[in-house]
Amino acid sequence: MPAPFPHCCSLQINNTCVPGGREKIGKEKGWGGAKMAKFTLKAENFCSFLPQTTSTTVGKAFAFRDKSVGGSYFQLSPARPSSLKFRVLCGIREKEGVKKEGETVPAVAPSHQGVNGVRVGEAEQGRLGRGGDGGGEVGFDWNWPPWKNLPPRYKLIGTTSLAFVICNMDKVNLSVAIIPMSNQFGWSSSTAGLVQSSFFWGYALSQLPGGWLAKRFGGRKVLELGVLTWSCATALVPLLAGFMPGLVFSRILVGIGEGVSPSAATDLIARTIPLQERSRAVAFVFGGLSVGSVTGLLLAPALIQHYGWESVFYLFGLFGLAWFIGFQTMVEQEASYTAEPAANSSSHEEEKSQGSSLEELGESMNDVPWKAIFKSPAVWAMIYAHFCGSWGHYNCLSWLPTYFSEALNLNLTEAAWVSILPPLASVFVTNLAAQLADKLISSGVETTTVRKFCQTVGFLAPALCMIPSAVDLGLHPWQVVGILTAGLALSSFSLSGLYCTHQDISPEYASILLGITSTTGAVPGIVGVALTGYLLDTTHSWTISLFAPSIFFYLTGTIVWLVFASSKPQNFSS
């Protein structure tokens, strides 16, 4: 029988030589004095032998025979040879000069990963295996999930974006469910507007505290707490729907949980992402909001029709709880090997914060240079721009399904599906704007110029595209839908404008700045959504109640942004 590795005097695994040679392994198998080492599958405790094959079959299907179960075979056929990793723990005894059991064999090949992903021997794995025959163990290190080998900061950005997907799913679910809920409980448009606006009460209250908490404890901890809070509150909505104060309180809790999330994400981005990648990171994270809107508006109508409106809140709340559990596991795993300065800094702050007293926490609020921040014209430009953008965004998010249903005479499913189009188009526009912004900055264009350009597009496009809806031009309903979709999709340029400026001005206080601007940005959700419902009841005009105010704020926001906005770094502490 030919030797399995005829071209080398060493044991070969995926063309990687293990020093020692066949002569050192033994002579039982007739391979020029070589003895085959015994292997054991960790998971199944099989007594198995590696196949007697040539090295040309490496990466193909392997069959391991288990004599203890009647000669059955366990076959392993990886789709990609490089995706299978072996961790080999085996003791080898020479026939002459055999080491006594329990003694340490010199470590084999210090490399942790071979040519095709094979891991062979580590210092702590050099002991002889169990049993008198020098048997060892074979463990399998699967290259799964696909993001396993990504840098830690990319994993954090990915999971944060997923949290934002769930965030907007729990935000838009009520905009669809409000229609059957209003029919069931006999709510007017004013009452429906009150219920929807209650979310923004909590959202506004949590913005500034969320920014401070993110700076003090780190964005990861704050994000965890936020997701857990809004998910539990979402699941409580069906239980409290018949009791108006309880329903309003549950939506306030959802708003509080989601309100701390933008500041937490901003803190993560400011700590881990360099300027040249920041537009894409912000777009990827906050782009999860558009994906969440699409997903929520796709799932909600079908769930309502088949299982009732209650199922939307139960299922979406469960998604958030599942994310919370998964994120806990991911954070624990990364904490064991993450060595990035930003992560270490965050961990140091968390440990320091956990031991702080209430007095120290209060003093840390005084450490924020509030006076210097509010003296900056650029900060006031961000505050007003955030207010203007939120007025159009929150009102459209809350009332477009009702507008499509009543003004365009679409049923619940059609209205919800049409409402998907703006956020769906926003997913593509967001990526386009981010790539364009980063490319311009990398090519030497001033950062302030790029931010002003992107925010101007994000304001003027929806303002212009709302005019056909505000003025009756006799257009077909689907033409109105198409124009609105284009305008609201282009508003996503704001993610490469306003939403990047906080990190540009001051990475140190980025979460505080976003907390400030988001607090004013949540006011339109409180006032605007309820006011739209009131105006709709009194005037029965979508132009006066929805479109005209949005156009006004988009245009004035553009003017203020072009005059006062800046992305030049500012040292507020000095």
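Just so it is clear, glycine is given a Cβ too, placed from its N, Cα and C backbone atoms.
Note that the structure is a prediction, hence the values are computed from the model and not measured.
Here TrEMBL flags 156-568 as domain 'Major facilitator superfamily (MFS) profile'.
According to TrEMBL, the transmembrane segment annotation covers 222-244 (among others). If one looks beyond the transmembrane segment (222-244) by at least 6 residues along the same chain, the residues whose Cβ comes under 8 Å of a Cβ in the stretch are 160, 163, 166-167, 170, 173-174, 181, 185, 195, 210, 213-214, 250-251, 253-261, 263-265, 267-268, 309-310, 313-314, 316-321, 323-324, 327-328, 331.
Per TrEMBL, the feature transmembrane segment maps to 281-300 (among others).
Positions annotated as transmembrane segment by TrEMBL: 312-331 (among others). Away from its own ends, the transmembrane segment (312-331) comes close to residues 155, 159, 162-163, 166, 169-170, 173, 176-177, 220, 223-224, 227-228, 230-238, 296, 299-300, 303-304 of its chain (Cβ-Cβ under 8 Å, at least six residues beyond either end).
Here TrEMBL flags 453-471 (among others) as transmembrane segment.
The transmembrane segment annotation in TrEMBL covers 477-500 (among others).
Feature annotation from TrEMBL assigns transmembrane segment to 512-536 (among others).
Look at TrEMBL and you will find 542-564 (among others) tagged as transmembrane segment. Nonlocal intrachain contacts for the transmembrane segment (542-564), taken as residues 6+ away from its ends with a CB within less than 8 angstroms of a stretch CB, comprise 377-378, 380-381, 384-385, 387-389, 391-392, 395-396, 399, 403, 407, 452, 455-456, 459-460, 462-463, 466-467, 469-471, 497-498, 524, 528, 531-533, 535-536.
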In the domain 'Major facilitator superfamily (MFS) profile' (156-568), averaged pLDDT is 85
